[in-house]
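Novice: Handing you this structure, nothing more for now.
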Ligand SMILES: Nc1ncnc2c1ncn2[C@@H]1O[C@H](COP(=O)(O)OP(=O)(O)OP(=O)(O)O)[C@@H](O)[C@H]1O
Ligand SMILES: [Mg+2]
């Protein structure tokens, strides 16, 4: 048996699989020696890594296309708009033809069902939002850049608001509550929860103001994204949701934590699946190093736990980053599929990362891995996945197939147009007035008959300190003081500190 055939034998699968490409050994490719990722193990997660320009994004595109073809919905962060080409047919060229020949691919140009989303209002895609309450203190601390002490203080503030059944919809609401707790009237409440120093509260307030100044407040509020809108299909093809992040490059912490929030939401709402033939949804975390840099211990612990547990809900998570060492060891060890594009070895640090990467691969008689990892061509990768029995497949130097959709951005205007024509636009385009917090708070303290009365006209949008005013309202104050008020339904928090929804 040739090395090609020997390696490819390890990739045979009974069920459907994503065709990644074909085996390269001894400097030659064998178009019959297929490297595949069985759909049944996609929920065992994966990593796509490699230096800049080596083909990571095209690999994600390829994966998304075939998942969609198999009826699996996909959510991807589209940091540079690179993935928007999924919505258009690719262009045939000598390069696509020769790659198709190398990879045993009957390549045809194709387009895929895509929906464009953006974080909060103001982006090119349909705006998606989360409420502060739902986001919870752990994720919000990551966005605010709080340290462990400040994070636990924020946890106490949320706990207090939760126990009063007080919905924190936007950043202003949270600001109002922190201000209340540190005011003279709030002293008694503050004593009740304990452990909150005025200095720490001050830091949290400043961080909130900062977040608002960076435009982060656009993202918190209603209507909140319903995770079910990410799990759709069109004519049997899984819909690919692209979260457009060009405008948020300045605030990567927000987008990565938002994806984490979604994962937690899905975890809370989806039923246990056990072993699945194919995943229910696949998440791609591009620029994953942003998720982990400056992360608190609590945050890291919860990412690890979520990644571990979400598998049983039939959800696959793929991280994409330059170096595998960007991913904490506890998370890395959960990732069953590895698609490693070329690594650079210029500096001593590069060398160290390379040696560490080699150690994470199964041993192979066919390649000198250190050499292979630095000599891979563009659109080639060193791959190992899990087979259908859950055992690692042989290491394969792989030439990857070419995506069938456009390998380029379609541009902001086209993205905006597509978003505005989508059915999600109707549901999410309009931000519900910030004053909803005010109304909800009032609703808890007015008699039920009045609750049914027509809504009063919404106050001016820019009215300052509304939440603060609400909290200064004597009726609200007495409500806040009456612990265990019958009207207040306590908000419970699940994994990750996000609020728990009933289905
Ligand atoms: N599977 C592939 N088939 C055909 N061409 C490819 C493939 N992978 C990569 N290429 C070529 O290489 C170029 C760079 O690939 P890609 O944009 O995926 O790199 P990247 O690793 O995502 O880079 P960056 O880190 O800068 O985002 C593509 O524009 C394309 O021309
Ligand atoms: Mg890229």
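Residue numbers in this text run from 1 along the chain shown.
Backbone N, Cα and C define each Cβ position, glycine as well.
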Novice: Look up region 'Disordered' in TrEMBL and report which of 83-107, 108-132, 133-157, 158-182 it refers to.
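Specialist: Feature region 'Disordered' in TrEMBL: residues 83-107.
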Novice: Kindly point out the range from 446-469, 470-493 that TrEMBL annotates with region 'Disordered'.
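Specialist: Range annotated as region 'Disordered' by TrEMBL: 446-469.
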Novice: Taking all residues of the domain 'Helicase HerA-like C-terminal' (31-502) together, what is their mean pLDDT?
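Specialist: Within the domain 'Helicase HerA-like C-terminal' (31-502), the model's average pLDDT equals 84.
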Novice: So how many of the residues in the compositional bias 'Basic and acidic residues' (89-102) end up helix, strand or coil by DSSP?
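Specialist: Counting residues per DSSP class in the compositional bias 'Basic and acidic residues' (89-102), I get 9 helix, 1 strand, 4 coil.
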